[in-house]
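Asker: Here it is, the structure, as structure tokens.
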Amino acid sequence: MTGSPRAPHQEHALGEPTVEGLARYIREKDVRRILVLVGAGASVAAGIPDFRSSDTGIYAKLGKYNLDDPTDAFSLTLLREKPEIFYSIARELNLWPGHFQPTAVHHFIRLLQDEGRLLRCCTQNIDGLEKAAGVSPELLVEAHGSFAAAACIECHTPFSIEQNYLEAMSGTVSRCSTCGGIVKPNVVFFGENLPDAFFDALHHDAPIAELVIIIGTSMQVHPFALLPCVVPKSIPRVLMNRERVGGLLFRFPDDPLDTIHDDAVAKEGRSSSSQSRSPSASARREEGGTEDGSSSPNEEVEDASTSSSSDGYGQYGDYYAHPDVCRDVFFRGDCQENVLKLAECLGLREALAKRMRFSGAAPATARKTSNET
């Protein structure tokens, strides 16, 4: 099965909520503004672990550090106190450029760019594989940063990423030559602001998107998870994942039409185990302030994008005001296989295979693909 079956007498924005129907919709509507949202599931086939898988995820392997919360490993507070923990994790992951190859998902995004159909690719991943696949920097938002550059966390002086890599691999914590502060790759820690490019995408790209394709993410990290909530309510939203995510954010064709969206349901959805990166309540030591207790410059952004926000779930109620049309579709399973199928239906399978052969890309089924980041 390539999609969710439709409820009786229910129309779908794609016409037919299948991979074939999605490809037909893209061709017939000549969709030119596709917003692609990418999570860790897209990179697991390259050999990079995700964060939340119960046995193989990064968080599952942090028990030896005796952390109160696994996300603390990626907080500035712990980095200042015990930088060796982050550097040990970074050394194990080895996400500095050149150590992993893009997967079919990454090359498919590049093909969307080449076809003139990519509005923007927003990725939660810090592995740089979208860039390695040739996605243009102008069309790429690395919302949580990457290992392509490094800087001091105190004075922000740039630091050689090559030196940072060599020192990390030798077991040394990189230090700033200007102020002696700790150096880290330019990845966004919990408690740090996301790049301006993310908010440009949130406020300017998402509202004009014609189609959203969400690949391999748990939809648990905010404000990234807000992106599907602010796209036009008339456009299709496609989820490619091993498991259903997003709670009440989505209504798929096989969902019951009589689902009640009331305050109790919304409250249940909002209380799910979400994480926020901009800034993070868990990373702050005093409520209402930043790490050092000062007022957060992005308090309004936080209020609108953390797990306590109702923005994403309130939109679900709009569907049931118009229950005759469904716009969401869920392609359950390996996101690599689903992307290969979509490429074939779009007539791009040969081009995708050529790109993968040329770049030495990771095989689409090299490893069981995770559903989240």
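Each Cβ is built from the backbone N, Cα and C atoms, and glycine gets one as well.
According to Swiss-Prot, the record shows the following:
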- His144: active site, proton acceptor (ACT_SITE)
- 271-282: compositional bias 'Low complexity' (COMPBIAS)
- 12-349: domain 'Deacetylase sirtuin-type' (DOMAIN)
- 263-313: region 'Disordered' (REGION)
Asker: State the count of C-beta atoms found within 10 angstroms of the C-beta of the residue listed as 'active site, proton acceptor', not counting that atom itself.
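Answerer: Counting Cβ neighbours of the residue listed as 'active site, proton acceptor' within 10 Å gives 23.
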Asker: Across the domain 'Deacetylase sirtuin-type' (12-349), what is the average pLDDT of the model, as a whole number?
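Answerer: Its mean pLDDT is 82.
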Asker: Quick one: what's DSSP say for His144 (active site, proton acceptor), helix, strand or coil?
Answerer: coil
